[in-house]
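Some notes on the structure that comes next.
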Amino acid sequence: MFEYLKGTVADILIDKIIVEVNGIGYRIHSTIHSVSQIKKGDAITVYTHLVVREDELSLYGFMSIEELDMFQKLISVSKIGPKVASGILSAYTPNKLSAYILSKDISALSKAPGVGKKTAERIILELKDKVDKTNVVYDYTLFNDDHKDDDEAVQALMALGYSKLESEKAVEAVRDMSLGTEDVIKRALKWLMK
């Protein structure tokens, strides 16, 4: 129904943005990746997907068509709803997610919020033929478990009172492989406080 919205960012929350279009504020559920790319007051185009439920209409929006496309593929998987799909895309970029699906990396997929081993297997089974293999750029650093600094940063944020989900989202949003644990924590705290 809505392909995209062009408007001004009125407010930003961890996983939602409010976009004002011609005097109407649209609450759009989004991912950490999309939310981290914008600031309050920015003029943006958000690519959207309308979810119709018995008791509500929800808009999910993304800053890139690739992220929207992957979201739509994820919600086509049985037992994956829009919230879980959005959580998965908060944990992984579409390219990284495609690489995990094509390499059948159940372990990596099951680290996303709301995804266990069975769900990861289902994602691989149902999407392995739907993922565009030509656009996937393999980053072989993804396939080693060398994210010790991230895990330490998440643990530190949790010790400061943030939930595991908030901590993981913040660390993912500020991730830079060249940063040490201390710098990741500092950036994540700034991100959580904005």
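Indices start at 1 and increase along the chain as displayed.
From the backbone N, Cα and C atoms, a Cβ is placed for every residue, glycine too.
Confidence for the region 'Domain I' (1-63), expressed as mean pLDDT, is 93. Per Swiss-Prot, the feature region 'Domain I' maps to 1-63.
Remark: secondary structure over the region 'Domain II' (64-142) totals 51 helix, 0 strand, 28 coil, with classes taken from DSSP. Annotation source Swiss-Prot lists region 'Domain II' at 64-142.
The region 'Flexible linker' annotation in Swiss-Prot covers 143-151 and is backed by sequence analysis.
According to Swiss-Prot, the region 'Domain III' annotation covers 151-194.
Counting residues of the region 'Domain III' (151-194) by DSSP class, helix then strand then coil, yields 33 helix, 0 strand, 11 coil.
Residue counts for the region 'Domain I' (1-63) under DSSP, helix first, then strand, then coil, are 4 helix, 37 strand, 22 coil.
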